[in-house]
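Chemist: Let me give you the structure first, and then I'll get to my questions.
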Amino acid sequence: MKHLEGDIVWVPHTVNGYCRGKIIGYNEKNQVTVRLLELNEEIKINEQLIQNYNQSDDKDFSDMVEIQDLSEAIILNNLGLRYKSDQIYTYIGNVLISINPYKEIKDIYSLNILNKYKDINTIKSNPPHIYAVALRAYQSMVSEKKNQSIIISGESGSGKTEASKTILQYLINTSNSNSNNNTNINNNNNSIEKDILNSNPILEAFGNSRTTKNHNSSRFGKFLKIEFRSSDMKIDGASIETYLLEKSRISHRPDVNNLSYHIFYYLVMGASKEERERLGLDNDPSKYRYLDASTSVIESFKKQSNGGSGGGSGNNDLSESLQLVKQSLESMSIAKEQCDDIFLTLAAILHLGNIEFEVDQTENEQTSGFSKISEQKASVKKSLSMVSKLLGYPEQVFKQTLLNRNLKGGGRGSVYCRPMEVYQSEQTRDALSKALYVRLFASIVEKINVKFIQNTGSKDLQGGYSSKRNNLFIGVLDIFGFENLSSNSLDQLLINFTNEKLQQQFNLNVFENEQKDYLQEGIPWSTSNFIDNKECIELFEKKSYGLLSLLDDECMMPKGSEVTLLEKYNKQYHNTNQYYQRTLAKGTLGIKHFAGDVTYQTDGWLEKNRDSIPTEVEQLLSASSNNLIKSLFNLKELNKSNDNNSNNNNSNNNSSSSSSSQSTASITAKASPPRERFNSGSGSGTTSPLNLSGSSSPLSGSGSYSIIGGNSNSNSNNNNSSNNKKSQSVSVAGQFIEQLNKLISTINSTSVHYIRCIKPNVTMDCNNFNNSHVLSQLRNVGVLNTVKVRKMGYSYRRDFIQFYSRYNCILNSLNIKINLTNINHSNLCKEILENVNSQYKNNNNNKNNNNQIVKITTNSKPTFQIGKTKIFISDELYIYLEKKRYDSLVDSVLKIQAFFKMIKIRNQYKRNKESSLFLQTLIRAQRAKKDFEQLVILENKRKEEERKKELERQRKEEEERQKELERQRREEEKELERKRKEEERELERQRKEEEKEQERKRKEEEKEQERKKKEEKEIEKKRKEEEKKKKKNEQNLSLPSLDITNSPSLINTTTTTTTTTTTTTNTSSPPLSPPISPRPSTPSSTSSSSSTTSSPSTKKQLLFKFNSISNLLSKSLHGSSHSDKNSKEDNNSNNNNNGDSTIILSSDSSFGQPTPKATSTPTPPPPPPLKTQPVPISSGVENNSSPNLWSHRNSPNFNGLVREKSRARIGRLTIRSASPLDLTYLPDPSKNEGSPQFTSQSLDFTPNIPPIITNSIVEQQSSLSGINKPIPQRTISSSENSPLSRANSSISSSLLILTPTLTSLSTSTTPSTPTTPKTPTTLSSSSVSTSTSLSSVSSSVSSSSSSSIPTPIIESTPSNSNEDLITTLSSPISTGHTGESIEEKNKRFRIKIINELIETERDYVRDLNIVVEVFLNPIREKQLLSAKDINSLFSNIEILFSINMNVLKALEKDKDPLCENISVGQTFLDMSHYLKMYTTYCSNQQNALKILEEEKIKNQPFREYLEFCMNDSVCRGLPLNSFIIKPVQRICKYPLLIKETIKFTPNDHPDKPALEEVDKKISDIVQSINEAKRTLELFQKIVDLQNSIDGLEDTNLMEQGRTLLMEGTVSAVKELNSEDSLSRTLFLFNNLILICSFGTNVLSTAINQFKTKKLKLKAKIPISDSRLIFVSDTDSVKYALEIVNIKEDSNYILCFNNDQDRSKWFKQIKALIQEQKLSNAKKAATIGNSRLIQTTS
């Protein structure tokens, strides 16, 4: 409804509930600014929350139904007004609202006031009072002959108990009952009225306690029936039914500010000294665990106690309160002995609470886990003794019952005793205490009911007392109100369900009152407006599927739990019942009650619903010597009582409907079911030995209902056993539902009257009205539901005059004419409503669609009704009426304002018009002139600017055109210049090549001619001195070990021998076929050898021949190769000269490879040999001449010569190996002569056979079979395996040893039968080469003069035949790529690189699969990490695996051994758009490794799983972090592989463009990754360095190196952080690698771990002593390492600590290569000098 500015409205307020406010203004979004009148402050609030304020309603209403605009705000305001004037009672219809004043109000309950409410006709004239409610109930019973009920509800402390007592006093006074009944044979001179009053102190003492909210809080529900004789309506009897006694208050109170039941404090602090001594009690409550509380609270309780009522302000002590209870018990015909037994039971409960338990220990002080009675306190033993004494059984038996539990065995009658734990014993103790009190309370209630029967009833045929069936009753229900605590359990669920049932009944009652009002006014009434909470109630009590039924079912399950119960609730009612709410919190559910939404915690529901005590404890109590205790737990008497009550119930059910269900059948005691808040036990037998009368329970098999779980029949022991089990299955919820249904059934059969008690404040202060607290209670008790019911109908009801006076302002807008002489308010009101209603419907028709129109016209109720005296208006029409009124008032105000504004403006206009007319004329003329001039100037400026812009545009276009022409001209010039230069370069290159070719041919022809001439001369000399040569050869074969440096004659002999052996070469012989069979010397050869002599002419010939050999060796060293023509001429020449043939012993492992051109630059040395300890690197170039350059310190295995087995490039691209014949020189410091020692470790030489010199040339006779033509040569660096190059006269020594031996082999020209050697061996392919020269050997001889290395001593082993050497050299020879062209060589390399790339991709896919299958999927399935951490740790690893799998399939698609059809470039180009994933993966890598380290520290399951994976053979011992970094490492390797593929791919190959494009893309990605970029650059430098060493390209050990690499198993890799500055060392085991740091526990732990696995620690190599091997990073365990085999066949990997160490190593590599190049250059110069000297000689 629209409100005007300045209107007074009701505004919601958090503290005051509602406040009056004045509207100041409207804001955007329906926000209203209101000034609160009481608080003088401004707030902004939504317009929808404002409630209408009617000044006529702002006054004191005794009946709030009279309020016209009934709302929450006006109800709250009216109650506050009346409370301030001490008017605590207010009507709202037939509901009485009572507010607790917390003070005495004078004469409010005096006899005079009571007498005013004796006449029913004076009720409306008298103010509201609780007497009026009692009077209305009494008169209704009298006049209608119908039972009545008065329901009193409200929260604790609102005055419910006092209200019930007030009603009881009124009814007793009104009935004028006689003091006794003459028909009662047991006339005790006590009237029923007195009995009813005397029962109140007993019930309050045993059922009330002090809480923080109420000093006399009833902890149970009570329904008191006061019966009246139908003849004279005098009180004739009474009965009490109790509900939900709070038994948990016995053992567990919320805090020290809450006390236990009053009776305990009366007994402790009010009993006499003799009584305390007899009961063993002390007068201090703090000495009892069940009573201990705050001292201030106990003192306050003593002051406020008044005769047990607890409600007064007297100063009576507790002895008087205890005495009042005793007197009340005696008045209930309870004998003194029975009273003593009651107090004895109470004392036993207190002593029982002081029994403490502790864990029992065995003799050796070990904990057994079972409980025992605490022996540390003497008070515990005293309490145990007192409990046994008071309850009437032996102490030891009771003790065993608390400590042990009996279990039935599988056999017949077998029972086992099982000790209990401490908590179980404590639970048994507390359960026993609660059971004793609850059953004692029920027994007292039963005795009170029996007393009521004795005073009013008569004996039946069986001698018992029965009530008359035709009596009427008035029931007073004192029930707990709605509860919504911070923690709500099963107790609150049952309480709120009770209030739901009562609210349903209340709604029905209000509905009937509304119907009555409508019928009086003649208004049609529809039941569709009824507010019903039936669905909410069915949610609780629906059979089989209700909340309580499901709870009972779950309690019967063997493994039932609250979790499964909640799952059943959610499955059954989630999204199917609007009142059930599924909550997010664990173990909770929500219910939408009429008073608000409540969240319940399900913890402990099953135990509370069962609420049992051990059977042995109950059996022990039933056998007590105490009569009271025995009667409380005697099953036979209980069953008898059940049978009697069942018979009474059956007879009562046959009575008429008006009185049968509420007459004397209900006077038997009705005990309450237990609960933890208001609780008493069910199946445990913890309640009164009584039955509830009435209809049979749906949970019980008989017509009666046993509260304690007793038997319906006790005819036999078997029946007792079976029935006991059956009754024990009845739960607390089942008892509660049955009792509640009976109560509601009883109430529904009566006329109900309501009293809603309100607590004005929380602090229980007088004259303090807390609006917000009162408002919440009004909602909880259902008062505001009355407002809702009215608003569902016609909430606005006014008489005709009031309506006309308010809405007569809209008559003009409605065009309604009024007859002022005769005004008919009824007709005018009707005419106004009809016109407004018509407009309202028209507006709805314009706004709504056709469906909504049909709904309005057919389904909606009439918007107004006109009664006899009132007008009933709906909310919608009322809002529209108020809007029309507002619009009418606004329209009137606007018209008035417009009229006065018009007059004012008109007068002002006339005054200003004449004075301004002249001035306006002048000003306008001057302004027009200036405007014209300004327009002319602006127009000129505009034209000038346009002209300039046009000229500027033309100029720029011309400049652009000229620039374009100039650019085209320059491009043409550059293109022409480029073509010209290319043509010139091409011509110049061709010219130079032709000149070089001509010069080379010329020189070769000259040399060939000169060589032929010399050979012709030598042939002549050979013929003359042949006999002399033979004799000298025989002498040389018998020589011992010679020293070439000390015997000049040896040189002469060598020269002669060399000259002689050159005459038997046969170049046309077939290739040498392994093995070479040695031939025996013929007799002719022996005689020839013996006839040879030494003469000056012979020496001259030998010198000439030696110079020829030196020239050949020099040509080979400097790359001089013969052309095809010269080769043919040489062959022809050799054929003419008896077919000379040469055998070359080479160190090339790749023999058979085509011989590349030799360059003038000497090749650097290869890395040191394999099969040895690492050789240290020289620190700089300064130590190049050091004799210990290649020395190895601390080599325990061997000294001297070592060889190189393999050498690796980065990755697997160019892993090479050297020849097994390579020799290394090393001075032996152990020998005094300082002579170097030579050793070979590749061939199987014996110590007696001298080593074979690398690249030596021997001539062989043509008579050797299998040698037909020369084997192609391999150019050998002068420094390769280079100790020979540094030795003086080493070549001469070699020739000395080899020439005679081989010469002797060639003396015979006729084939003969071969002789089998004693120790045959084969000649390795790596020891024989096909074409060579003696230049390298000659250079070694020449360089001896400038070398500082001592001359080596070569020892010769004596040999008597030529077979020894041949036997030693007989090794297999493999065929090589003879005459291979460059294209074929490139093709071969391309195949190897592509195969390497496929293997690399295969390894990569395998590693990615390991990450996904071994790590990612199990971690995700086992939920070892969160989803976020898994995404951060593994990033795009699954996508990368899929992509690379597709790449591998594409590469392996064509099984082409030549790799011609494999499109490497196109394959990688197809996946290039995924390359950016590597950038993302790399940027996330640091965070991933950080998460990995953190989770390994704090996440034990994750850490254990990683350790488990380390032991998995699939992972090869690599940790997870090594696999995580593999994608970035792999993308860094691709550029090298792609570049190598491009290098050996022809330009016309179809895959070449794709390769170049993908190379650019991958390189760009790699460059963007900082770490990968650094690694790639470092790899490239190493590749460039190794490319500078000659001979590496011809080595083919790539597959062998890969095999070695993959065989190495990495067990564990420990990575150090960047902050660690400790030096790193690599510890090696059997193929197990561990990277650690010094000074940490990781090292010792790892070593101990390997020792326990019986793994031997083999080596420890610091960086300073490492081999020449390289690892770019400690993480690159697979991609940048070289595996070196030592004697123990372990794997060495070098890991650098930092970039400085790596840079130092890199410099050492450079220095070594430069040193080797310089050494080669010096040796080449020495060879030239040697040749010059020989020629001169």
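Cβ atoms are placed via backbone N, Cα and C, with glycine included.
Values in this document were obtained by computation on a predicted structure and should not be read as measured data.
Annotation comment: Swiss-Prot describes G154, E155, S156, G157, S158, G159, K160, T161 as ATP binding site. Taken from Swiss-Prot, the feature compositional bias 'Low complexity' covers 641-663, 679-724, 1044-1070, 1082-1098, 1132-1141, 1304-1359. If you look up Swiss-Prot, you'll see 947-1028, 1121-1131 marked as compositional bias 'Basic and acidic residues'. The compositional bias 'Pro residues' annotation in Swiss-Prot covers 1071-1081, 1162-1171. Sequence annotations record features per position, and here Swiss-Prot assigns compositional bias 'Polar residues' to 1143-1153, 1274-1288 (among others). Annotation source Swiss-Prot lists domain 'PH' at 1603-1714, citing sequence analysis. Residues or ranges marked as region 'Disordered' in Swiss-Prot: 640-727, 947-1099, 1117-1199, 1266-1290, 1304-1364.
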Chemist: If you count Cβ atoms within 10 Å of each one, which of the binding-site residues G154, G159 comes out on top?
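Modeler: Answer returned by the neighbour count: G154.
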Chemist: Please give the average pLDDT for the domain 'PH' (1603-1714) in this predicted model.
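Modeler: Averaged over the domain 'PH' (1603-1714), the predicted model reaches a pLDDT of 42.
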Chemist: Taking 10 A as the limit, how many CB atoms besides its own sit near the CB of K160 (ATP binding site)?
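Modeler: Taking every protein chain into account, the count is 27.
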Chemist: Going along the chain, which residues six or more apart from G157 (ATP binding site) have their CB under 8 A from its CB?
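Modeler: Once residues fewer than 6 apart are set aside, G157 (ATP binding site) is near N100, T211, K213, N214, H215, S217, K759, M764.
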Chemist: As a quick check of your reading of DSSP, tell me how many residues in the compositional bias 'Basic and acidic residues' (947-1028) are helical, how many are strand and how many are coil.
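Modeler: Counts, helix then strand then coil: 81 helix, 0 strand, 1 coil.
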Chemist: Counting only other Cβ atoms and using a 10 Å cut-off, which of the binding-site residues E155, S156, S158, T161 scores lowest?
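Modeler: If we count Cβ atoms within 10 Å for the binding-site residues E155, S156, S158, T161, the smallest count is at S156.
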Chemist: Which chain neighbours of the ATP site, leaving out G154, E155, S156, G157, S158, G159, K160, T161, have a Cβ atom within 8 Å of the mean position of the site's Cβ atoms?
Modeler: N100, N214, S217, G481, C757, K759
